[in-house]
Amino acid sequence: MAINLNEYSLLIKDQIKKYANKIISDQKGYIITIGDGIVRVSGLDDVLLNELVEFENGAYGIALNLEPNSVGVVMLSDYYDLKEGSSVKRTGKVIQAPVGDGLLGRVIDPIGLPIDGKGELKNISGYAPIERLAYGVMQRKSVHQPLETGILAIDSMLPIGKGQRELIIGDRQTGKTTIALDTIINQKGKNVNCIYVAIGQKNSSVAQITRLLEETGAMAYTTIVSATASELAALSYIAPFAGVTIGEEWMRQGKDVLIVYDDLSKHAVAYRALSLLLRRPPGREAYPGDIFYLHSRLLERAGKLSDELGAGSITALPIIETQAGDISAYIPTNVISITDGQLFTTTSLFNSGQRPAIHVGLSVSRVGSAAQLKSIKQVSGSLKLELAQYRELDTFSQFSSDLDAETKIVLEHGARVMEMFKQPQAKPIDQTSEAVLLFGIKNRFIKWIPTDHIIKFKEFILDKIKQDQVYKKIEEKKAFDDEIEKELTAFFKDVVKKYTSTLVDYNGSLYGDLKELE
């Protein structure tokens, strides 16, 4: 058989073209010590800070400490079958989180694995590194749009704007999480994507929150990132960063995002545990020296982007738990100085039945007033001052039984206003209805109602106002003019008469001159 040299040469040339001379370099190391979720590794001389490393059993860790002779790695998954001498290799990647609309309605862990039993994540647009620089000053815009919480006390006196960072701070069991969840529930139909980051909570608490959001229909636009108390400290450490990375993708698309960190006290404790185990030098309260930077680099990623960048926003509601009301402790003062205001909840208000238990005197919103709706701003200007006077006189009235008429008026009005601010969980009020209620407070129409009937009277107003034409006018104009004020005055006189007519043994002359209602 004759050998066709041309065919052979063509085959050889074809093989040469297909041949790719790739050199794959793999840097491997080995475990020196292991324990408490921390692994010391030798041999990874070129590893990067925050780089993912892979162990021989398929587990992953993050290189957090780069030392001359070893690397301190924090574990992200089970490490019980690893031992001294086991091999470990670099991945060349930093830790990433999934992003995209496929995350809405899902519960995931900080490394992006679904934990809600609904199968794999779908419609994911990609993965993004969880550590990223915040946008600069020139890439931002000042806060100017309101973020409606649906909570009357907040929207009237402590308004929050889109792109603001408002701290919710208070002792345990004072309704901090409830305020955050009510704000999420109120975003229904407002084109705001929500992220709830659970840090160091019980599995049962996360399940309860998921159920509440599903029952209220809020889960359709919400993602839950959960790092529970039973998991490794490293997952609690990365959870908020994973959450804000998910939000940043939506913000870049020009969308509005609300993110809740519940809570950053446990986040700081998790970071302290990791730092001490990595033998980093402890500082005040045994926290490491960069604890302030930990929270500042997280919260600075929230904000309102400029029009050139799509005008998207991330509004952050970090939660901090205090011990015995001490807001001057290390972590609380750190986060207060980073954020744009705080809502302070107290045990005494909560136990007295004032819920949400917001202490208006110690709470502040530094940038929210620029974003407040005009109709609400017109009728809520004097509220904070009135309540401050009420609290002061209420304290003194406990020592004196003989009060003058003017003091009695301030005390009675203050007590009624506090009743108006009581609100049950998952029952948000729309901003037009809030403006109407505040109009009634400002013009003292609530003085005709006995204090123990204020809550029922409030429900009566909310029921009647939506059937009235003036509601649509306020909704359209988003401000009060002379015509609307005239119509609202007539509306309130009418509802006061109708409501008081249902009360047994009611004597209107005890509350003022009845001619005012004519």
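Cβ atoms here come from the backbone N, Cα and C positions, even for glycine.
DSSP assigns Lys176 (ATP binding site) to a helix in the three-state reduction. Per Swiss-Prot, the feature ATP binding site maps to Gly170, Asp171, Arg172, Gln173, Thr174, Gly175, Lys176, Thr177.
Positions annotated as site 'Required for activity' by Swiss-Prot: Ser363. In the three-state DSSP classification, Ser363 (site 'Required for activity') falls within coil.
Note on the recorded positions Gln173, Thr174, Thr177, Ser363: the fewest other CB atoms within 10 A surround the CB of Gln173.
Fewest other C-beta atoms within 10 Å: among the binding-site residues Arg172, Lys176, that description fits Arg172. Cβ neighbour count within 10 Å across all protein chains ranks Gly170 highest among the binding-site residues Gly170, Asp171, Gly175.
The DSSP secondary structure for Gly170 (ATP binding site) is strand. Between the C-alpha atoms of Thr174 (ATP binding site) and Ser363 (site 'Required for activity'), the distance comes to 15 Å.
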